[in-house]
Amino acid sequence: MRDWQTFPDLQKKKVSRDHLNCPATMAGSNVLWPILLAVVLLQISVAFVSGAASGGVVLSDVNNMLRDAKVVTSEKPVVHSKQETEAPESSVELLRFVDDDEDSEDISSIERQDGRTMESKKMADQVRLLTKQLNALMLRRREDYEMLEHNLRKSLRLTTNANSVDADMRSELNQLREELAALRSSQSGNKERLTVEWLQQTISEIRKQLVDLQRTASNVAQDVQQRSSTFEDLATIRSDYQQLKLDLAAQRERQQQTEVYVQELREEMLQQEQDFQHALVKLQQRTRKDGSSASVEEESGSQEANQEQTGLETTADHKRRHCRFQSEQIHQLQLAQRNLRRQVNGLRFHHIDERVRSIEVEQHRIANANFNLSSQIASLDKLHTSMLELLEDVEGLQTKMDKSIPELRHEISKLEFANAQITSEQSLIREEGTNAARSLQAMAVSVSVLQEEREGMRKLSANVDQLRTNVDRLQSLVNDEMKNKLTHLNKPHKRPHHQNVQAQMPQDDSPIDSVLAETLVSELENVETQYEAIINKLPHDCSEVHTQTDGLHLIAPAGQRHPLMTHCTADGWTTVQRRFDGSADFNRSWADYAQGFGAPGGEFWIGNEQLHHLTLDNCSRLQVQMQDIYDNVWVAEYKRFYISSRADGYRLHIAEYSGNASDALNYQQGMQFSAIDDDRDISQTHCAANYEGGWWFSHCQHANLNGRYNLGLTWFDAARNEWIAVKSSRMLVKRLPAVECQANASASGAFVSVSGSAADAAPSSGATTTTTTATAAPATVTTPKTNNSVVQFVAAGQA
């Protein structure tokens, strides 16, 4: 707020307030009223100009000013009433100085009328001047309105330019989308790197533009602050105007009071004049009465007349002295009034001239400031509109970028995931290549051995064929000889000779047959022992495979007479199940699940029979690795894992759970394996048929990793009471250390002994049957068995 130092006219007004309180200066206040009216009109014009630029802020202030003016005018009758109530007291005080002279009152009234006529003429001139100034202000306001219209048209043109900028931004966004589509379709790393660098550059440029926008916004904020300071200056001017208005109202009140006082003095003087005339009339009547009765009562009333005459003379002297004193006081008052009037006129004209000059200077200054403010406000409005449009465009671009950035991140994450998959597949392919090379080397060795064995088998088969031909030839000879012998036996003289020949023939043929059979059996046993030696040299599981990387390896589980190709990890885990893309069909029969299916490098099931032999001694643990559709990794590990035999339905046995996934397999503890053609669950529905996959079902969906892909791969999370939607899964088996195996064997010795005896009984019975059949028919039974095992080994090596 500005103080009184910045407004010298107002300071003079404040200083001369004591002079204006005088009744003589009240007449000059009538001249100030049109000047203050001009100031009000000027303030209203400034308010209109500033309101055209700044909205309705200043208009509200103008409304407040008009409301205050209404309040002041409404309060005026109350002031008059107060003055009327207070007037009698002041009139009583002024009666002391009233004179009975009519001439002085007439002179003062004539002078007042002359002063009023002069003041009315000056007021008319001032009103004309104010009308001219108002006309000039109206012309300026019209020019300002035309300027505002021009600025609005420019702002509309800027909005059209903003539409073109918006079209450019849309075209750039379309280009970004096309490049994003190209980036999605392309697979080369250089293009992706270049697009990512381009995106980084564009984002950095956008950030720089945002910094520039922030700077311009700060500049605009400074301009707005300056504008607010100008508004504060206008508020100070407005407050000064309010103060002037209050001073004007006070001067009006004082003027009205003086007018009331003068009117009361007039009335009192008239009343005194009437009283004086009545007193003269009474004196004349009394003198007449005294003249008529003077002759009669001259002598008697001479003394009384003398007394009355002396009393009248004393009263007349007193009145003369009082009138003389009043006339002297009135003359002094008139002189003082004339001096005061001269001083007031001089001060008034001087003050009015100074005030008019100051008002004109202030008017010119306000007009210049108004013009500057209007131009600045117009430029600020342009800048504000352009900034708003630019901010809207930037916000739109930012929202679009915010919407496109997650898509880009999603696409980049997809590309990274695809790249990771490709790298993992490449590593797997490399591992598979190295493993294939190793397996090829092993197979080359085994094939060379098999070729040698095949040569031996060919020789053996040739020998067998030769033996068969010899046996057939001998059999035909024996038959012919027997026929001849029978014919000779029919003859009596040749019977003794036939008996001698028949006695010699078995002795000659039996050594040949026995030698051939023994050589054939020995060669076949040699081939079988070599095959079993090759099988025994293979590792029983992946814990015996010493490798530094994950890959495919040949293993031979305990009790199995043919090798098995499976995936092994570097830390000795054997992969028994894998799901990740739904490429393999897991809706298979119970026999297929028992034998196993799929490719070890992709989706596959190792087979329930192989699981039984891998976990036969109850010394294995199971680890289930899962990844849900939100890329969360879940692990469930069981320290004890065992699958029973085929006769028991491959029953599930687990214990000692750990991991971040829930113990969902515990709901299926002790359940037999179910498939689409063999329902062994305890549910009323066919779980394997409904969810299209074999599993150890109890009540269907507590855990199922062999169901239909994207439909039936689930794992129940008891902590959250919801199912995990599994995207990929892997089941791994590993043998426990020897110490833990002994502890588990001692803890479950009975169960292991029973299962072990059953498992041992089956091979022993098979061995006995094999030996008996081999001894009974060595040439027809043993050879096909050996050939089948060799064929199985060769097929496994080729796989």
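Placed from the backbone N, Cα and C atoms, the Cβ positions cover glycine too.
According to Swiss-Prot, the protein has these features:
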type     : residues  : note
SIGNAL   : 1-51      : signal peptide
REGION   : 287-316   : region 'Disordered'
CARBOHYD : N372      : N-linked glycosylation site
REGION   : 489-509   : region 'Disordered'
COMPBIAS : 489-498   : compositional bias 'Basic residues'
DOMAIN   : 533-737   : domain 'Fibrinogen C-terminal'
DISULFID : C542-C568 : disulfide bond
CARBOHYD : N587      : N-linked glycosylation site
CARBOHYD : N618      : N-linked glycosylation site
CARBOHYD : N660      : N-linked glycosylation site
DISULFID : C687-C700 : disulfide bond
CARBOHYD : N744      : N-linked glycosylation site
CARBOHYD : N787      : N-linked glycosylation site
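Taking the Cβ of N618 (N-linked glycosylation site) as centre and 10 Å as the limit, one finds 21 other Cβ atoms among all the protein chains shown. Cα distances from C568 (disulfide bond) to the glycosylation sites N372, N587, N618, N660 are smallest for N618. Taking the C-alpha atom of N618 (N-linked glycosylation site) as reference, the shortest distance to any of the recorded positions N372, C542, N587, N660 belongs to C542. C687 (disulfide bond) sits 87 Å from N372 (N-linked glycosylation site), taking the Cα positions as reference. Model confidence over the domain 'Fibrinogen C-terminal' (533-737) stands at 90, taken as the mean pLDDT rounded to a whole number. A distance of 15 Å separates the Cα atom of N587 (N-linked glycosylation site) from that of C700 (disulfide bond). Across the structure, C700 (disulfide bond) and N660 (N-linked glycosylation site) are spaced 22 Å apart at their Cα atoms.
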